[in-house]
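S.K.: Have a look at the structure that comes next, please.
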Amino acid sequence: MSAHTSLRLQVEGVSKRYGAVQALSEVGLEVRPGEVMALLGENGAGKSTVVKVLSGLVRPDSGTVHMDGRPVDLSTSGASQAAGIAVVQQEYSTVGALSVAENLLLGQRGARLWWNRGFLTRNADHLLERVGLGHLDSRTPVEELSVAEMQLLEIARVLARSATLMILDEPTAALSQAEAGRVLSTVRSLAEQGTSIMYITHRLEEVFAVSDRVTIFRNGRSSAPEETATLDTAQIVRRMLGRELGDMFPEPGPVDDKAPVRLAITGLTAPGVEAPVDLSVQRGQIIGLTGQLGSGGSALLKALAGFLPALSGRVELEGEPVEFASRRGGIAAGVAYCSPDRKRDGIFDGLSIEKNLSSPWLDRVSRFGILSRRDERTAAARSASSFALDTRRLGSSVGTLSGGNQQKVAVGKWLGCDPRVLLVDEPTRGVDVGARAEIYKQLRSLADDGMAVVVCSSDTNEIFGLCDVIGTFHRGVLTSLAPKEHWTEETLVREVMHSGNAQSETSSEVGSP
Amino acid sequence: MTDTTASALVARRQEVSQRLTRWAIPTVFAVLVAVAAATTSDFLTFDNLRGVLINTAVTGIAAVGMTTITLSGNLFSLGAGQSAMLASILFMWVASTGGSLVLGVLLALAVLVAIGLLQSLAVAAGLNPVVTTIAAGALIYGAVAGITGGAVVSAPTSAVGELAAFDLLGIPLPVWVFAAFTGAVWLFVERTASGRRLLLVGSNRETAVMSGISVRAATAWAFAITSIGLAIAGVFSASQLGQVTANNLSELTVDAVAAVLVGGTAVSGGEGSAVRSAVGALVIVVLQNVLLLHGLPTGVRILTEGILLVAVISVLHMARRKAMR
């Protein structure tokens, strides 16, 4: 085809079948030089298989791949790198104890056998400049960087391999919105310098911010690329799901000012919550806390869960003061908590859905210490079905589920102990659009059933769409708290971003105390 | 709708690897038995099989108990041999002073469980289990060797030996206890809330803590059950031998760890079973027996055992990794 020469990457007719599963069927994909191509699709739609094909980890059954018009061999990951393809992984591959400059040299092809400081620094400064980390001293140990800086460093490491096509797989999944902005602007500037970029994300607003065109995957098939500017969110979601999503966010229940207060917090401080917090949650309400990462919302939830000791203040559940010095105390008081990092401490990766679901309420299905497997199964099935999890798959291990279904397990396990308060930190991190809507719907229906729900998220869109009362945190201080009607999405974003700017200004002026 | 190709694919792969981990050891076992039966005339005799079972019992009981430590995510007890030796000495000491066998068994159980619980406190508080159990083993060995002065502790053999020689339906007591203990530990892990919590802590300690599960209780259960197994193993060993010194059972730790590993319980915890460790112990003894019947020298026997261990662990490890990615 004549089009070959003007395209950086052209993938044609790539299919891959695993046993009875058709992971990819006749997938086509193209990226122009200096273009940002967004790859969208639900988990399991085929995006990651395509990335694996391009990075030489999976050999397709059929199809061709051209780079700059020439057919390329992608049989090994070395061959893929040699062809100019580089993948920035979600997991960081940097070595914490080494300096930024040293990390940049790790795994670089054709690196010198011995280095001196001068060479290291020259090599590093150039690369850091290109990813917007020019201010960074290349001698800093990597473990002192922020998460966003680590992500940018990861991109710089890939740049060091002089790639012409860079694949970014959810680079902002662990970043707050403000930090994600830095990554996005780096992506744009790399594209302007001529690098072609394939950008995979679950955050639709990023697609509009950064991409030139969009390719959508569904059930192992790819759509023809479309100009981003000609699309809107609804159209993208419809193409991803193959159906209308309806509204992403469920309708809140009727406002009832006289609804009893479920959870009342007065003057609470805790590690990470610097100024006393007053907050009350009425029956049926969802409270949303937002801010940049580490700004205090997460710490407040942890303290309420009994995981961090509260330093001062009172917490009342339905009018009764509660004091929980441990997570078990919190659970006994009826407080369910889902941490932002479900892989780390939200799920048991290697165990079945059933064993995961029953983990907090084993006592309820046992007598004299003997488990009743039948009761366990019945109760687990009840939790599973109310969270739209397939009850026939209770026996499969949670590690095999998509991010969305894992999150449903992490939240759903608490239903079995009839909690009075549900605290959820980052309810939809790494969760695809379809599962997101289900989780929102579920949180809303739990609130309607009378549970007090407090959600903390760095995704302001989510907080704005889901919650009845919204508070923003900045540097450990609850800086604003108001019912949803008092906010617009714009004022909310501004509140979060503005305090972020104020923070960096003051810190650079004042310096470290 | 949300579960589409990729997760179905992972599920399928995991199924394959689960099948592999579940059936690898029984298959190895069956092959070994078939080879043994085909190549030697002595293997399938009642006396030889009985001998194999008797030889497995002590290691097997220790391995089955220790499986709970591995399942709870605390690797192994590397002081197992010394603990069992202490049980031997205590049992023999009671017998030699004219006390009843039951008293000896109870004393061994009580002392070992107490020592096990102490270790579990240290481990649950965050001390490395390997370091803790090695240290405990060294302390026990030092204390026993110091007190006995390295001398042989013995008792009238006929009385002590009764325990190991007691025969039911042609099978001696240690074999019955081995089977019963395996069943009991399996039931504990599969059917009790405490056993399940032990498994959960081993699978993911952080998630367990977040779910309100006490790491200390789970670790205590694991060490207590392991100690019970070691006490029984020590008592039977003493009963079989009729005399004990501080240097007895020095190979039990390695043998029990090998049995747990060959059985396929995950070193990282959270996956495995007592039954598997029992089969693992049987595989090792049958292998040794086959090589012995073929008249191969000790060096070759140990080498072959080592090769089997490495092969099984590598295959299982790779199968698990495949399942995860």
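Heads up, the Cβ atoms here are built off N, Cα and C, so glycines get one too.
Annotations in TrEMBL come from automatic prediction, not curation.
Given the structure is predicted, the values throughout are model-derived calculations rather than measurements.
The annotation transmembrane segment is assigned in TrEMBL to B:20-40, B:52-71, B:78-95, B:101-118, B:130-153, B:173-189, B:220-240, B:302-319.
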S.K.: Of the stretches B:20-40, B:101-118, B:130-153, B:173-189, B:302-319, which racks up the most C-beta pairs under 8 Å with the transmembrane segment (B:78-95)?
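M.R.: Most Cβ pairs under 8 Å with the transmembrane segment (B:78-95) come from B:130-153.
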S.K.: Grab the same-chain neighbours of the transmembrane segment (B:220-240) for me: Cβ-Cβ under 8 Å, and only residues 6 or more beyond its ends, written as numbers and ranges.
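M.R.: Beyond its ends, the transmembrane segment (B:220-240) has Cβ neighbours at 54, 57-59, 61-66, 68-69, 71-72, 74, 77, 80, 83-92, 104-105, 108-109, 111-113, 115-117, 119-121, 123-124, 160-165, 173-174, 177, 181, 185, 188, 194-195, 198, 248-249, 252.
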S.K.: Under 8 Å, at least three CB pairs between the transmembrane segment (B:173-189) and the transmembrane segment (B:20-40) (pairs 6 or more apart)?
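M.R.: Output no: the transmembrane segment (B:173-189) is apart from the transmembrane segment (B:20-40).
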S.K.: Name the range, of those listed as B:20-40, B:52-71, B:101-118, B:302-319, that has the largest tally of Cβ pairs under 8 Å with the transmembrane segment (B:130-153).
M.R.: B:101-118
S.K.: Given a Cβ distance threshold of under 8 angstroms, which distant residues of the chain, six or more beyond its ends, lie next to the transmembrane segment (B:101-118)?
M.R.: 83, 86-88, 90-95, 136, 140, 159-160, 162-163, 220, 223-224, 226-228, 230-232, 234-235
